Every structure is written in structure tokens, then in C-alpha cells.
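Here's the structure we're looking at; comments come further down.
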Amino acid sequence: MAESKCPFKSQGSRSNVAGGGTRNTDWWPEQLKLNILRQHTTVTNPLGADFDYAAAFNTLDYDALKKDLTALMTDSQEWWPADFGHYGGLFIRMAWHSAGTYRVFDGRGGAGQGQQRFAPLNSWPDNVSLDKARRLLWPIKQKYGDKISWADLMILTGNVALESMGFKTFGFAGGRADTWEADESAYWGRETTWLGNDARYEKGFSGSDKQGTVIADEASHKTTHSRELENPLAAAHMGLIYVNPEGPDGNPDPVAAAHDIRVTFGRMAMNDEETVALIAGGHTFGKTHGAAPADNVGKEPEAAGLEAQGLGWQNSHGSGKGPDTITSGLEVTWTKTPTKWSNQFLEYLFKFDWELTKSPAGAHQWVAKNADDIIPDAYDAFKKHKPTMLTTDLSLRFDPAYEKISRRFLENPDQFADAFARAWFKLTHRDMGPRARYLGPEVPGEVLLWQDPIPAVNHALIDTVDTAALKRDVLATGVNPSKFISTAWAAASTFRGSDKRGGANGARIRFAPQRSWEVNNQPWLQESLSALEGVQSRFNASRPDRKQVSLADLIVLAGCAAVEQAAHDAGFPVRVPFTPGRMDASQDETDVESFSHMEPIADGFRNYAKPYVHGRAEHYLVDKAQLLNLSAPEMTVLVGGLRVLNTNYDGSAHGVFTSRPGVLSNDFFVNLLDMNTAWQAGHNGEIFEGADRKSGAKKWTATRADLVFGSHAELRAVAEVYASADGQRKFVNDFVAAWNKVMNLDRFDLQGKQFIYPRL
């Protein structure tokens, strides 16, 4: 009988089916990509548009779930045995690595979307074996279904792991709804090899194509004590969460490693004390795995065959599991009680002198000199080992600032436990945004500064009669309405859908650091705020019925009033929706350093860019639009509207393609697409001049963030809709809808459902 053959032969990634072949990005790698504006919509969500995760979570039998998770910790499975009979260390690492991708500059990364399930994170070298952790969790996820997301479950499991080993956690908040596709918006770096860092650092390491170990670059780099990490990255190597545990580029120098630790943890919003607490606390538990060289480790999950069913890194050494496990390539157990909370990590750190050695996989690590064999083996009860440490562990002793904190924690175990509990909570909740999003019975009562607290509403809210009167008062102040639009936009557009920070609520635009940001044009901002504070003061003083208006509400209302006036002047009267309920935060409730990372380096909506920006304005525009949860049509209509409303940050005429600035017309699109205008690039390729094709008379000036709507084929297609003879009404309506969306992105108090404004 002839041999049976599978009819579907592998054709690689470029097969002759839909999505295969040579793609646009192959022909034009620098083409502006709009795909990040089309992600995470209801189309990709199998639970449907009406699914309300918050409501589902609130029906969860939370105590039963925690009991099941606690039981799992010691239910060792033959297919992936538990170190020391306890999965605690593995699940702490899973939760840490889910949350630890967060970075302060753009708020991307973090645990909030459950992205560890998808590429590239599911295949990063730093996440070896976490595929097994999630599979161990699957029966519990399967049992509780939609009531607990993967994003929440991974973090809660880390908490339960800590509690099951005797540690008292600070609390837990649910509310992380899953996404259903890989997030394409995060910039993870430009390196094309695992563990490379030659793009993020001026003198870095080229990386490797090997899996399952941290590769050491034996070259001595003098810059490792002071090198600058590319923004917005918060990891020292492609495919690592933070730093190379062997030391910078694999060089076992604890002092140089401290520099990388301080930078990477700082970019994850952690100060020195939180950093020491996290490293020392996390390394109280479990072990690392480096039983043999990385040559024994197979393909990562995304490269493995179908038969692997999403698992990767098949290990050919011995049994490939248990005592034969290869994960980081390091073989370190820090304490003699790796399944119990203790102070032993810090005790051993200072008790012993340490000498450099190598793991069975060939990775640099450290062993205690002249120490007894006191560390248990993970699988052989009759076997003991000498204490071992990572290069980055020793940084806590040999960096002067870290040492001071470490010794204080050593002498004050209660301080250490409290610091670790708080730092762990911050690590795992940093990207959740305000407390209004927190769900569940273990939400801590203490309000923390990094949560950007806003006072609860403590007065009666204004009604439609009041809003109408306030709008009249605002427009009667004599301030150019464009400045009210600019102020409202400046306040609301600080929102980041990535970590749910920013927005108009709190009126923090009147405080440091936002009030002095160049993009906010402080003189104009102050003029607008002073006028609004006067309106607010007069209104609040005149009300005997406890009705008050917050400045945060008034900033948004003033912008809405100005937009309505501009639409009326265009001949299309419209009502801009407004919902009161915002409150005013104080300067003391504003973490200045934390908010300083949110200052835009470019904002195409206001034609702003810092002089040292290396990227193209149109790319930064799309980046900003994605953070605002905007679609391509929403981005398009907002830019076109803001230009004719004359809201450029510096009052320039770039992109103001109209003879009637301040009127909400579709002139931007009409004039941009006018073939009677010929464009010429300036000397720097950032500013352009448009002249009449026949006479050569200068007509307009523009930036890249303006002309992209006529240059980019997909954006031009949208622009044509608004430039059409019947497009004015649609333009006004769509602008108002998109404006309202941005003004309310941070109104989680209104979002009883898992709320996402519809995209145009």
C-alpha cells in the first residue's frame, strides 16, 4: 500500500493563501502602519460586544477560586513537577513577568491585557517555562470561565502563591479584561536577535539565536556603568523583562549591574526601596533552572510545531523537567526554606563572601565561600547545596544606595515585609489606572499616591439648566474660544489607554508638571484657567442648594461650549454631550515625577514636537491616537477639526487650511485635497509650503502631521469622505462624537460596563 501523505505540505510563512506572499510592509518597510488603531475591537472578542467583564467578575465565587488556587500550589503534576513540591516560585515568576513589562514613558506593557499569552511575550527567552505555568492554571480557568480573565487570574495566582507560603499581601484588585490578539502597539526594541541590545544601547551585544539561557557577552564594555537606555524601553535586552541576571551583557559585575537595575526598575515606576524589596522579596522563594547547556532546548512556542499545542522550549536533557529543567540557564536557590517567607535572602547576602562560578549551563553565578551545604535540593530530599546568588542579587550589597536599604531591611524584617507587600501590589496594579476600576473583596482601603487619587464627589451636580448658563458665562469672558478648546484638549488628551492614567478628571493641568509643559503654552493656558476659575468662583458662591461645579468639569464644559459655537458659525448647530461628575485633585495628590513621564515629546493633534525627536511626526501622531483609543477615522476627523479651530500649540498657521479659523468647517480636507496646490518640502523635511500651481503664490504651510492625510492612501480615503460636497454635516457630527469620546476616556465612574466608546 502506498504511503499516505498529508495533502497540506508546509509552505512556510509565505504560502499562496490569504495573507501570504509578499506584503506591503516588505515593499515599503517605512510605510505608516495604522493597524494599531484597529486592534482590540468587539470584532475580535469571542465574548461579544455586550459582555460586561466587571459584572461577570462580581458574580465570581472569589473564596472558592482562592481555595482552588491554594490547592494547586502543592498538587504537583507528573508532566511538569513542582520544585520543592510547591508551584509558588513558578507562579510568582509568572505574575511578575506578566506585570513587569510595564514602562512609565508610554504606559504600555503590564498585566492589564493578559498579553503574556500572545507573541512576542509568550516566546521571550525570559518567559521560558511560563507556558507550563499557564497550562497548570487552565483547569481552574476552565472551571470559572468568563468570571475571571486570564489577566486577572495570572496576578491573583501570584498573590495566592505568596500567601500559601506564609506572606501577607497588601491586597488584590480585579478588573483586567482580556484582549484576544497580540498587542501590536508596544515598541519592544529594534534588535532582531534574542537577548540583543545593540540597538537600545550605543555599544551593546548582538544577541543570539539560542533559546533557554541568558547569553554572556565576554567583551568588556566600559560603558556599562553609565550607558543610556533607549526610550521608552525598560529592559536591558530584547526578550528580557528587566536586566541580565548575569550582569550587563553577561559580564558578572554587581556594581555595573546596579546601574542597569536602577534604570530598568525606575522605568517601571519603582524607586530604590521598592526595587530592593522586590528583588529580595521575590528571591526569597523558589529557584532558577540551568541543569544543562542551552543546546538542549528546542523552539519557543511561536516557532514550535502544531503537535506542541502552544508549548515551547522542549528540553532534550534527561527527563526535560524536574531536576533536568533548563529555563534561564542559571542554577540558583537563594534560601534554605524556598517555600516559606523569611529574611534569609538578606541574611545570606551579607553573611557570606561570594565567589564567581558557573552553572551547569555555563552561566555566570556566585557561590558562598566556605559555606556548608544548607540549601535543599528541589527534588532529592537527601541532597544539599551551598548558597548561591545571581550577579544582580549581589548588586543589593555592593551598590552603596542599595546596600543601605538592604541592611535596614535585614535589621527590620517587618519593614521589609511591608515594603515588599506594597511594592508587589504596585508592580501588579500599576497599569490598572484609578481605584474606580478596582473590583473584588480584597481591594485595600488605603489610597496611594501612585494611583492618582481624585476626591469623591461631595456636592450636588449641575444640571442642564446650569450647564447652559455656565456655557454662556464662559463664552462671555472675552477669551478666544479656541483657547478653551485647547485647554480642554490639553487636559483630556493626557489620557493613556495603556495604563488608564491621565485625562481631564482631577484638573491636574493646573498643577506641576503639566502647567509648564511646552505643549500646553503656559501663557494661553493661564489665561484660560484664570477665566474659568472666575466663572467657577462666581457660580459656586451664588448657589444656596449645594450645587457646585468643579474646575475639571468646567474645563471640559468650556471646550464643549466653544465647539458648539464653532459648529454654529459653520452653519451646523449641534449639542456637544456633557456629563458632570469630575472632581478636582490637589497638588499633594499629584505625583510630579510620575506625571513628568507623560509629557508629550510630540503631539500631532496640536502640531507639536520637541526639537530632539528622532521619529517622524506622523508616526508619533498614530502613537498618540492609539493611546487615546482612537480609530483612523476618529484621528482624521479630530486633526481636521482641531486645525480649523486654530488650536496649534504655538498659534502657528501650519495646517490651518481655512480662511475662517475658529469655524468648525471641513476646509482642512477640502484645501488639503485641492489639486491646485503644489507642495514643497522645507530643508528639514518637517515643514512644507503649499503654493498655487499656476501663479506660484504661497497659500499654506504644513507639517508632516498635516500632509499625511493627503499622502497616506488609507488616510486620504477617509479625508475624501469629509472633503466631499455632502461631507460637512458628517464632519461636524463625527468631530463631536470623537471629541466627546476623548473628553470622557477617564470617566470610569460612568462605565458600569466594560466601556469602550464606539469607533467611527
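First residue shown is number 1, and so on along the chain.
Every residue gets a Cβ built from N, Cα and C, even glycine.
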Which range of 1-24, 313-336, 577-600 is region 'Disordered', per Swiss-Prot: 1-24
Count of other CB atoms lying within 10 Å of the CB belonging to R93 (site 'Transition state stabilizer'): 25
Lowest local Cβ density (other Cβ within 10 Å) among recorded positions: H97, H283: H97
Inter-residue C-alpha distance, H283 (heme b binding site) and R93 (site 'Transition state stabilizer') (nearest angstrom): 10
